């Protein structure tokens, strides 16, 4: 488990893909043997180097494309939270398999015409993921920022990154467009219900802990619990009763409420415009979150309880609540 990568909380498959893209792309950039990971139609058709069909979907042949690809994969992590890791992993495996056969056909076609089609990168996978991102992920901020009097949403940057990555080489459209149509096919037919066979599921569960990420709050609570257990082992019966029984609360302290929330409520009372000579209501007196805000967060793949708790902490700010949930806070 990796507590320092809280953005990948609930998305171990996406995290594993990002690691694979970064490792293979770096090897292709900086090492001569790493060039064997890229797509090379001549090597595939004449030398039977078929592993390139798999590794070439992770390794990018250009640094800018690799940077954009990692950013986009990080944005697509919400799809895994929405689908579930097992369903998401099944879809990814199917798309990579179909993309390998499709790339083999393209290499055969291009080699007959004495051309090369050496376009490395998982562009078919990006087309598949972008379709689901466009269709199923809601816009949290329709007017996030403005460029030349044009209002752009919080999802616009993802689309701009896709255009920049595809615009570097027009041949990438031959891979991206079929991936987009596969996403349409997967979401409108029963193909989306494909699951991994039991053998693949076993290996998936075996390696899943290597890429699991825990939220920062859970890590902090775990460290505090370990510290208390260590104190109990060292001091034993000599440990003060206050530490064994837990912290004692003051009469004016609200039990079960975080200290930050209590201090925020105290500061709210000092703000002007409230009752009792400029005192506002405490922090806990905020209005309950709306059902629309809760549904927006649940559409990102989070359960109702976590969405409701995040909205309460952020005073019903949907964007701030989404940022907390996406970062595993």
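In case you wondered, yes, glycine gets a Cβ from its N, Cα and C as well.
Annotated in TrEMBL:
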type     : residues : note
DOMAIN   : 288-328  : domain 'UBA'
REGION   : 243-267  : region 'Disordered'
TRANSMEM : 7-30     : transmembrane segment
TRANSMEM : 50-76    : transmembrane segment
TRANSMEM : 88-111   : transmembrane segment
TRANSMEM : 117-136  : transmembrane segment
TRANSMEM : 157-182  : transmembrane segment
TRANSMEM : 202-221  : transmembrane segment
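Long-range contacts of the transmembrane segment (117-136) within its own chain (CB-CB distance under 8 A, at least 6 residues past either end) are made by residues 21, 28, 37-41, 56-61, 65-66, 69, 72, 75-76, 78-79, 82, 91-92, 95-96, 98-99, 102, 106-107, 110, 155, 158, 162, 165-166, 169, 171-172, 174-184, 186-187, 299. Helix, strand and coil residue tallies for the domain 'UBA' (288-328), in that order: 27 helix, 0 strand, 14 coil [DSSP]. Within its own chain, the transmembrane segment (157-182) has Cβ neighbours under 8 Å at 62, 64-65, 68-69, 71-72, 75, 95, 98-99, 102-103, 106, 117, 119, 121, 123-128, 130-131, 133, counting only residues six or more beyond its boundaries. Summed and averaged per residue, pLDDT over the domain 'UBA' (288-328) gives 77.
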